[in-house]
Each structure stands twice: as C-alpha cells, then as structure tokens.
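For reference, TrEMBL has these:
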type: COMPBIAS; residues: B:269-280; note: compositional bias 'Basic and acidic residues'
type: DOMAIN; residues: B:61-200; note: domain 'Dyp-type peroxidase N-terminal'
type: DOMAIN; residues: B:214-392; note: domain 'Dyp-type peroxidase C-terminal'
type: REGION; residues: B:39-61; note: region 'Disordered'
type: REGION; residues: B:201-230; note: region 'Disordered'
type: REGION; residues: B:269-293; note: region 'Disordered'
Amino acid sequence: MHAHSTTHRTTSTTSTTTRTLRTLGLGATALVLTAALAACGEQSAPDPESAATSPSSETSEVTSAVVVGDPWVRATKGTEDPSMTGAFMTLDNPGAEPVTLVSASSSVAGTTELHEMAMLDGAMSMQAVDDGIVLEAGRGKVLEPGGFHVMLMGLRDAPAPGDEVDLSLVFSDGSTQDLVVPVKAFTEEEGHYHAPGTGDHDH
Amino acid sequence: MAVPRVSRRGLLGHAGTTGLGALTGAGLVVAVDPGTPVGPPESIPAAPVGTTLAPWGPHQPGVAQAPPAVLEAVALDLRPGVDREALGRLMRLWTGDIEALTAGRPAPGDPAPWLSVPGADLTITVGVGPGALGSDRFGAGPAGFTDVPPMVHDRLEERWGGGDLCVLVAGRDATTVAHAVRRVVADARPFARLRWTQQGAWNGTAPDGSPQTGRNLFGQVDGSANPRPGTELFDRTVWVPEGRWAGGTTLVLRRIRMNLDTWDGLTREEQERSVGRRLADGSPLTGGGESDDVDLAARDEQGRPVVALDAHVRRSHPALHGGRRIFRKGASWTREVPGPRGPRLESGLLFSSYQADLADQFVPLQRSLDELDSLNEWTTAVGSAVFAVLPGFEQGDWLGRSLLA
C-alpha cells in the first residue's frame with residue numbers, strides 16, 4: 001500500500017501543536033503531513049498570549065491539504081451489526097480557502113459514505129452528508145461518534161481491535177490522502193453515542 | 001522539545017512568595033470559618049505548571065528526563081502467535097496513543113477524553129524484553145543485552161520480574177499517568193496481556209520550584225553522580241551508538257526492598273558511612289558540594305579512609321570499573337503487606353538503570369556491589385527485569401519501524 005499525492009509542509013507559530021499522520025503501510029516510506037496548528041483547543045500549554053493571536057493569520061501563506069489527526073475505526077466484531085462501522089479523526093484546514101472532504105473509500109468496505117448524526121423529529125438519526133464535510137479556512141472538524149464520521153458499509157470482514165484498515169480520503173482541492181487506520185474497541189453502545197456537538201472547532 | 005514552563009511567570013509580577021502567601025491565607029480562612037462558601041479560588045492568580053514534551057526524536061524522550069513525580073512501569077507478555085507483522089500493528093497503534101496522550105489529546109477512540117491534559121510532563125517509553133526478540137519478532141537485541149545474572153543478595157520474586165514488553169509512563173500527576181497506562185494496556189489487549197505493574201514516586205522539585213536530585217526513602221540524596229543529559233558522557237553512557245538499535249538503550253528495572261526499620265535504628269554517622277555521602281545535602285564525606293566527585297584516596301587523621309572500603313559510593317564508583325557507569329533513576333514505593341500481627345508497611349525503590357551495553361556496564365557494577373556494599377544490609381532486590389528500549393521515532397514515523405520493517 002502506498003501513500004500518494006501528499007505533500008510535505010510545515011509552518012511554525014509560537015505556540016503550536018504539531019499534528020502528524022502516518023500514511024504508510026508496513027515498510028512503506030513515511031510521508032509526513034505537518035502543520036503547526038494550535039488546533040482543536042489543544043494548545044500544548046495554556047497560554048493566553050498566543051491564544052489571543054489568530055493562528056489563521058500566521059498560516060495564511062499555506063495553500064493546503066488538510067491535516068488528518070488521531071484516526072481510528074470502531075471495531076464491530078461481536079457487535080449487533082458487524083457489517084458497518086465508522087471511521088473517526090480530526091480534520092484541520094490550515095489553508096486560506098475552504099476545503100471539503102468529498103468522499104472516502106476503503107478496501108474493507110463495499111460502500112463508504114460521509115455521515116452525520118443529527119436530531120431528527122426528536123430522535124438521533126444518521127444521515128448522509130451529500131455535499132461533503134466542509135472545512136472552513138483556518139478551521140477544522142472533529143469526526144467522532146455522535147457527530148460527523150466516515151461510514152464504512154458492507155464490510156467484508158468485521159474489523160477487530162488490533163486490525164488496521166486502509167482509508168482513502170478525497171478532498172475538493174484535488175488532494176487525496178491514503179491512511180492506515182487502527183481499529184479500536186469502543187465500549188459505548190452504537191446509537192448511544194456521546195452527546196452530539198456541532199463538530200466545529202476553532203484553531 | 002519542551003514547551004517552556006511558566007514562561008509567563010513575569011506577567012504575574014508578584015507571583016512568587018506573595019502568591020504562596022495568598023494561597024495559604026485562603027486555606028486558613030476556610031479552616032476557621034466553615035460557613036465560608038468554598039468555591040473556585042478566583043482571587044489566586046493561576047500559573048501554568050508542567051511541560052508538554054514532544055514524543056519525537058532520535059531517542060525516546062522519557063529516558064533522559066529527570067525522575068518523574070509519578071512513574072508507573074508496566075510489563076506485558078505477548079500472546080502466542082504475535083509475529084513481526086502483528087508487532088508492527090501494535091507499535092503503530094501505540095505510536096498514535098503516545099503522540100496523542102503526551103500532547104494532552106485523548107488517545108484515538110478514548111472513552112474518557114477529559115483525562116488527557118497538556119502540561120502533564122507525560123512521557124511514555126517503550127522497551128522490549130528477551131521474549132520479544134528473535135527472528136519472528138524484533139530480531140536480535142542490542143549488543144550486550146542479557147538477563148542480569150543471579151546475585152547472591154537477590155531474593156527475586158517471579159511476580160516482579162520479566163516481561164516481553166515494557167511501558168514506562170511518567171508524569172506529574174497520578175491521574176493522568178493512570179489514564180495513559182489504562183489506554184496503552186487496553187489498546188494492547190489483542191496483542192499482549194498484563195504481566196505486572198509497579199509504581200513509584202520521586203520529588204525532583206525543591207520547594208522554590210528549582211530542580212533537585214531528590215531523595216530515596218532512606219533519606220539519601222540519590223542520583224548525584226549521574227551523567228548529565230546533553231553531555232557527551234551521557235550520550236556515551238546511555239545510547240546504543242550504532243547498528244539496528246542505534247538511538248535506543250537498555251533498561252534494568254530492579255525492585256529494591258528497603259528495610260527502613262533497621263535503617264532508622266542507625267546513628268546518623270553510621271548511615272552516612274554506609275553510603276559515603278552526607279545526608280543533609282548529599283555531598284561526599286570528603287568535602288565539596290553534591291555534584292563534586294568523591295575523593296576515594298582521602299584519609300582521616302588516623303590514616304583511615306574517609307570513605308569506607310564498603311561504602312556504596314566507593315563500590316559503585318566508575319574509577320573502580322574502568323570508567324563504566326550507568327544512568328540511574330529512582331522511584332520510591334510503599335505498600336501494605338501482611339505481618340504476623342496485622343498489616344505492616346513495606347518500602348523500597350523501583351530502580352531504573354539505563355546503559356548502552358547492559359553486559360559491559362550494568363553487570364560488572366552490580367557484581368561489585370553484590371560482592372561488597374554496606375547498603376546490602378538494608379536493601380534486597382526482589383524483582384528484576386531487562387528491556388531493550390526502542391530507538392526514538394520521528395514525526396510521521398512509528399516506534400520500532402527500523403527494527404520490524
């Protein structure tokens with residue numbers, strides 16, 4: 001498995017969290033996507049001086065691909081419906097233009113869609129996000145249980161904890177990112193996810 | 001790379017003693033007037049504490065850090081059939097956990113994301129034991145990597161020994177450390193099961209906030225003669241210089257039981273004589289400050305050696321071992337054990353020794369101490385385990401790739 005069409009870029013700011021992504025299979029060359037973002041309210045240290053600075057102004061020279069962080073896929077082995085699951089991650093757009101996650105695919109899934117959990121008629125329901133997941137300039141989204149996620153359907157084998165799943169993300173700027181994503185057990189019942197948020201977060 | 005700690009101390013202006021005074025005062029008010037509502041102490045200026053250490057680099061960063069306030073060492077045994085490919089998956093999984101947790105982010109899929117916080121001084125260091133070596137696993141170990149041969153004074157218990165994998169989780173507070181341990185062990189479950197855990201604590205910070213060597217439970221300043229991280233001596237002592245394991249090191253973890261009751265019965269002079277250092281400040285009995293070298297040749301007026309022939313500092317001194325040395329860290333522990341008349345306390349030291357070549361550095365030193373060391377009367381090794389600490393990894397890479405690929 002090879003990662004392709006990824007670029008290497010680094011920016012630096014005064015107080016940053018550098019995010020990383022392993023886009024490689026066993027023995028493959030590491031391709032690093034780094035962006036020095038004070039992302040997701042996850043600054044390395046609470047520091048009002050730098051928090052007061054808009055990171056977007058410091059990263060505006062970057063024309064960019066999205067930074068993917070902390071990806072994981074929920075294991076379904078032994079669950080009620082082992083044929084579908086979600087992939088979760090953080091997506092950060094350090095660039096000056098909005099970028100949309102347009103689609104995703106995986107060799108383990110027959111179909112892959114972008115979904116969102118939302119309140120519908122007073123109940124949580126899951127719906128496809130046909131227009132993709134928009135990442136505003138200088139902002140990001142958290143894909144998490146109860147919110148936006150990549151839905152893997154028609155799974156050929158139920159992913160078990162300790163497995164790895166390939167996942168390819170296609171963005172509106174023409175970039176593609178190929179990930180190798182760990183499968184993790186998740187103890188909460190499906191349909192009983194965390195309270196939903198907007199999925200938006202600031203840098 | 002450490003995010004500078006308390007870089008904004010200047011902003012607080014009078015933060016130093018005045019801040020402490022305000023804190024103490026607030027405590028007193030609450031104590032004498034139970035009617036006072038206890039809420040967030042908003043009037044007390046907050047200062048960030050702790051550092052957030054990036055996990056990347058040629059070496060795993062936890063090794064060269066000072067002994068942490070809280071250390072939890074975890075040993076796991078690989079499940080049958082876990083081969084090189086599976087170890088790669090585990091190492092990539094752990095790499096993701098380590099990158100997130102040390103940055104203060106929840107590990108991917110973390111069911112309790114609130115327990116990950118930045119500024120926790122958190123490091124997570126991974127080593128592999130003899131059982132994880134071999135052609136279908138991590139291959140051959142670093143040069144000189146061997147089990148510690150039996151020592152006369154050892155009273156080893158299986159319960160505290162061995163392990164195919166070791167994870168050292170070090171941090172500033174026990175809650176964050178416990179959470180990281182839980183994540184690392186839970187995520188490893190498809191590959192490995194828990195063998196033992198050992199905890200310890202260390203006070204490496206003086207009351208004024210400056211770093212200090214710290215003391216073991218005998219009261220001794222412990223670690224004064226360590227090579228200093230960042231020096232050529234440290235690098236030569238600790239890091240494997242070349243080959244597949246370049247940038248890694250080896251770790252001996254010894255669980256030392258300390259007989260505090262008999263130790264406490266000694267006079268101050270007897271206690272200082274057994275080590276060769278003053279208890280008050282850790283300085284050598286031959287004079288100078290804590291960091292000064294001991295003068296092994298010094299004699300008193302009667303012509304007797306100032307440092308006794310069986311003193312710990314003499315027996316462990318590099319001069320006796322052709323310059324061989326180790327980088328040592330301590331973590332003190334105490335626990336309840338059953339006694340004939342009810343529970344009693346057992347105390348000791350979880351001792352970590354880092355060296356590039358275990359057989360060449362640690363073993364001769366330990367043999368020498370086993371043969372003669374005044375401290376043997378009050379210390380007993382009850383656990384022993386050896387691990388080859390993986391080289392560091394760069395951002396975008398993963399732990400152990402060079403050994404597994």
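Glycine is no exception: its Cβ is also placed from the backbone N, Cα and C atoms.
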- Task: On the DSSP side of things, how many residues of the domain 'Dyp-type peroxidase N-terminal' (B:61-200) fall into helix, strand and coil, could you say?
- Result: 44 helix, 33 strand, 63 coil
- May I have the DSSP-based helix, strand and coil counts for the residues of the region 'Disordered' (B:201-230)? 0 helix, 5 strand, 25 coil
- Counting each residue once, how many in the compositional bias 'Basic and acidic residues' (B:269-280) are helix, strand and coil under DSSP? 7 helix, 1 strand, 4 coil
